[in-house]
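The structure appears right after this line, and notes come after that.
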Amino acid sequence: MAQISESVSPSTDLKSTESSITSNRHGNMWEDDRIQSLNSPYGAPAYQERSEKLIEEIKLLFLSDMDDSCNDSDRDLIKRLEIVDTVECLGIDRHFQPEIKLALDYVYRCWNERGIGEGSRDSLKKDLNATALGFRALRLHRYNVSSGVLENFRDDNGQFFCGSTVEEEGAEAYNKHVRCMLSLSRASNILFPGEKVMEEAKAFTTNYLKKVLAGREATHVDESLLGEVKYALEFPWHCSVQRWEARSFIEIFGQIDSELKSNLSKKMLELAKLDFNILQCTHQKELQIISRWFADSSIASLNFYRKCYVEFYFWMAAAISEPEFSGSRVAFTKIAILMTMLDDLYDTHGTLDQLKIFTEGVRRWDVSLVEGLPDFMKIAFEFWLKTSNELIAEAVKAQGQDMAAYIRKNAWERYLEAYLQDAEWIATGHVPTFDEYLNNGTPNTGMCVLNLIPLLLMGEHLPIDILEQIFLPSRFHHLIELASRLVDDARDFQAEKDHGDLSCIECYLKDHPESTVEDALNHVNGLLGNCLLEMNWKFLKKQDSVPLSCKKYSFHVLARSIQFMYNQGDGFSISNKVIKDQVQKVLIVPVPI
């Protein structure tokens with residue numbers, strides 16, 4: 001938050017519009033005319049009909065390739081896992097949920113504490129690739145599997161080995177070994193707190209795969225496998241989102257020689273391309289709705305805040321893409337626009353006295369209280385109030401109960417009161433302790449707003465007792481807020497410092513004057529890592545009665561998607577070429593058919 005004057009004297013005009021600092025953050029990188037000109041052909045019925053036909057054909061092949069009467073039952077296990085993994089990587093798994101459950105139920109019945117491999121259970125020739133693939137799939141689908149199974153694949157020196165492929169030689173064997181380590185790497189990302197073997201597997205495979213890319217042996221690795229390795233290293237599970245993964249794997253799998261693909265593989269790839277483009281067409285229409293809404297709004301002409309609604313829509317659509325969640329995506333984007341406007345208002349363009357009045361107006365939900373503020377602040381308040389009331393009305397209608405007071409108190413009031421506390425600290429020159437900062441810095445991430453209204457529009461009935469298991473006062477929601485604050489400050493602390501903002505890095509250095517910035521970053525990144533592990537546990541363990549679609553929203557959008565956006569810097573404040581290219585591939589440019 002930028003420098004804010006502590007108070008306004010009695011003779012000072014509250015309507016002063018002078019800003020304390022000029023923002024150096026980007027404006028709108030996307031022209032509204034371009035958004036409105038998007039006209040995907042994939043909304044035509046013929047594409048949907050072809051997609052539906054492919055789905056039915058794949059279901060038949062899916063089941064025929066997993067015949068329980070198959071003589072080679074161990075190979076059948078691996079085939080099931082490979083099919084499940086493929087449809088998930090390609091982003092078409094929502095069409096095959098019953099088939100996936102049948103496959104994984106079968107795998108789980110055959111799961112062995114020594115892993116999966118060739119031969120009978122009594123004479124098992126262990127296979128780390130199959131075991132890691134099975135472990136990852138089962139854990140992601142909430143089956144109870146222990147990471148201790150990986151201990152079976154360590155030699156006397158503690159190094160991981162692949163099992164049945166270790167005796168083979170040549171390029172084919174090397175590819176199998178790389179595949180094995182890649183599967184272990186992907187599995188090791190789905191770890192829970194205290195799983196030391198998973199942490200060691202993650203470190204071991206990360207080092208191994210980096211050497212593969214850097215070494216001369218990379219020329220011996222299949223092109224598509226090399227693409228998977230690059231993706232795994234650049235976008236580990238917490239930094240990956242559904243639509244970006246699907247687009248990337250469509251391109252990766254497209255590199256495989258057509259003659260080497262099975263009939264099932266060809267159909268899955270064709271469906272993935274069609275499905276991606278059909279969903280993209282839906283997303284473009286939603287983006288056009290938001291673009292028109294914003295262009296017609298009273299705040300469109302205000303210039304004091306960042307205008308990046310395309311990036312905000314991408315934030316959610318890249319993680320939750322299903323057509324039935326259209327209302328949540330539109331609401332999410334509108335809320336993010338409001339939050340950015342308020343963020344920059346509190347950050348740059350208000351004196352402390354003005355912000356106190358503005359916050360009191362929010363607390364009382366009363367526009368008359370801001371009458372004496374500058375025109376741009378009044379416009380901002382009136383638009384915020386109008387839009388908030390509209391979104392609350394949608395939520396009340398969806399839930400069939402009056403939740404207006406609950407939303408006001410637990411979302412907007414909590415968010416802006418935390419911002420006001422920051423403003424007071426900065427105005428008085430106070431640098432809080434690390435713990436004080438985080439106690440206030442978690443609600444001012446705005447996750448309390450983003451994790452409430454869109455949840456209520458997900459199509460699930462959420463009485464307060466259920467809502468409290470995923471929203472306030474749940475540990476799960478606290479972890480979402482904490483992870484958001486930590487990654488924001490760790491990736492953006494220098495820019496925040498230059499901008500006059502507080503960060504947990506600055507507060508840590510005040511508490512530990514003997515420490516360096518590197519020490520502070522290590523501490524914060526350590527906390528972030530622990531936070532993400534606990535979130536894994538909360539998300540993947542069956543501990544509550546929260547509908548799965550709601551847990552997926554909170555976890556994928558507010559946890560993983562934020563890590564994705566910050567993976568290469570701050571993708572919100574300074575939308576760089578990387579983010580722009582990702583938006584293009586996910587929302588604008590269709591997959592070539």
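Any Cβ shown, glycine's included, is placed from N, Cα and C.
Here's what Swiss-Prot has on this protein:
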COMPBIAS  1-26  compositional bias 'Polar residues'
REGION    1-34  region 'Disordered'
MOTIF     343-347  motif 'DDXXD motif'
BINDING   Asp343, Asp347  Mg(2+) 1 binding site
BINDING   Asp343, Asp347  Mg(2+) 2 binding site
BINDING   Asp488, Glu496  Mg(2+) 3 binding site
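Put simply, Asp343 (Mg(2+) 1 binding site) is 14 Å from Asp488 (Mg(2+) 3 binding site) when counted between their Cα atoms. Across the fold, the C-alpha of Asp343 (Mg(2+) 1 binding site) and the C-alpha of Glu496 (Mg(2+) 3 binding site) stand 13 Å from each other. With every protein chain in view, the residue among the binding-site residues Asp343, Asp347, Asp488, Glu496 whose Cβ has the most Cβ partners within 10 Å turns out to be Asp347.
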